[in-house]
Amino acid sequence: MEFVSPEGLRLDGRRPMEMRQLRAELGAVSRADGSAIFEMGNTKVIAAVYGPREVQHRGQQLNDKALIRCEYTMANFSTGDRMRRPKGDRRSTEISLVIRQTMEACIMTHLMPHSQIDIFVQVLQADGGTRSACINAATLALADAGIPMCDLVTSCSAGYLNTTPLLDLNYVEDSAGGPDVTVGILPKLDKVTLLQMDAKLPMDIFENVMQLATEGCKAVANYIREVLMENTKQLENRRGV
Amino acid sequence: MEQRLANSLIMTVNEKKFIESALLSDIRVDGRRPFDYRNLTIRFGSEDGSSEVQLGQTQVIGFVTGQLTQPYRDRPNEGAFSIYTEFSPMADLSFEPGRPGESAIELGRIVDRGLRESRAVDMESLCVIAGKLVWSIRIDLHIIDNGGNLVDAANIAALAALSTYRRPECTLGGEDGQEVIVHPPDVREPLPLILHHFPVAVTFGFIGKENTVVIDPTHYEESVMGGSMTATLNTNGDVCAIQKAGGDGVLQSVIMQCLRIASVKAGDITSKIKNAVESYNTQRSLKKIKRHNPDQHHSSDVAKNHMERLTVGSDQSVTGSQFNEPDTTNKRNSTLKSFSGGPASWDPYSKGVDGDELRTSLASRVAPVDKQKEESSQVNPETKSSPKSSDTNSLASINKVGSEIKQSKTLKDAVKPKHKRRNKSNAK
């Protein structure tokens, strides 16, 4: 199957180095301390953050840092065929672990000992790149909650089909069986926190694809900063500054 | 407790500082250099498809089994495989019995990604009837001792077990060719799995603010490290999978350097696995030779040679072949003696067919047979035909001997099974 036409267009009309359209909204869940909806093309994800608050299970309390908990779920209606997903299935558990450890790298947990921060992420529409969208949404939600972070974490995926590196794969391109590289970076520090890859790739091509994904992450970071600036201006207006 | 890394220990601040400051001078706590692996030993169990890997203090057992199932709907002509991990509570204080925790699931998924997506195991050869029956391979990984770096050890155990696993051969039969006959291993030799390449996992730990990189962290280093990265590579220069699940950030250049080091280490580990598998295979084929049953043909050869030796003195026409036969008799005698298989290995009540016993029993029956032989030898100067006629006689004699031996045993046997049946009926 041809994923890149001879003119250089992908299945949805994008160029190989082009990202999908991004859209973000803060404060979607009014009850939560911080929340955000993040869309990357057709992938739509909602994140809610509760914290810092009292630790619910005293035995799990950490004396020098905040305890971070994360839960990733996919709504039953998120994929094409409505599937009843078991809550603790392996993929969800692994992605929850990955998101938690990624956010732990950027949250300044030593400022909030004996407390707990909960991050809940749910996928409303899944069209490839759900992991990346979840991390971006979690970053926005944490910023909305006012939790101190040393840097934003942004994430993007890239692949390699028809001998072309492609940025931001959608579901069709992802399920084609080609390699899928998901990268999460700290943009200001220019460091890689999350890196996941599956399927085979020769090492030099891998370097190109990782570089492309990192560029995509930086583009997402610029967009997130704009959104946060806009939000802060609105808050200033409401306060009458 | 599930929230923390399953491998975390409670360590004092002093211990952590010690490990970090030692690493600044490129020294690790167990005396290794930053990019040295621990000692790797790969052993195999008695069955095909079982392996035991020891990497330093970490011990993992891998076991591969297969069964026939229906294929997935979207992949009708491919087999299936699944990986199950069990973190046994005896391996570490923080492992709990029951459902696998987060790190158990992560380990399973890393090994799975390395094997499945990179197409290391050939799935299409596992198909029996497209759309209806395929082989489903199940890999079980049991962690016995947690000395750190479970991912690498578990991956090696899975690869070693997959290399030595043999699946039964099955053919299509029946009227319409749709019936599947699975041949047991002693009828037809079981087939090995086809592995295209060996994806080897190499784990790096990032310790401290300066992000010192160590390879193959021990469990002390794991509780100190800020982040870890597992790279699965093969010897063809392909990266099969990478897992860096959060943790401290590292520069891209560091990641590429780690990948280059990993490809060198992957080559070492692959050659070790291949050597271990080869020695296991040669041992296995040696066992196969000895395990052959002494069928009638074999024992008749034995009898033939004994008869020829006995008749050498009486029949002069045999002298011509005398020079040829003793060599083979010697060879056959020596193989007889070194042959440790035979009924003794599978029948606990038989002593086996002993060469010496045979000879003495045959010698007692030589007298009547000899006369017949001399007559026939005069008619036929060929010596080979005479052994044949004596063959049938010796066959009969051996059968008598064998049956006598068996009869002497079955008298006792006749008593025991009755008891067994009674016990069974009582139990019922």
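Including glycine, each Cβ sits where the backbone N, Cα and C put it.
Fair warning: this is a prediction, and the values are worked out from it, not measured in the lab.
Straight from TrEMBL, the features:
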type	residues	note
DOMAIN	B:37-168	domain 'Exoribonuclease phosphorolytic'
DOMAIN	B:197-263	domain 'Exoribonuclease phosphorolytic'
COMPBIAS	B:314-338	compositional bias 'Polar residues'
REGION	B:314-428	region 'Disordered'
COMPBIAS	B:377-397	compositional bias 'Polar residues'
COMPBIAS	B:406-416	compositional bias 'Basic and acidic residues'
COMPBIAS	B:417-428	compositional bias 'Basic residues'
Which numbers of helix, strand and coil residues does DSSP report for the domain 'Exoribonuclease phosphorolytic' (B:197-263)?
18 helix, 32 strand, 17 coil
For the domain 'Exoribonuclease phosphorolytic' (B:197-263), what's the mean pLDDT in this predicted model?
91
Of the residues in the domain 'Exoribonuclease phosphorolytic' (B:37-168), how many are helix, strand and coil by DSSP?
33 helix, 50 strand, 49 coil
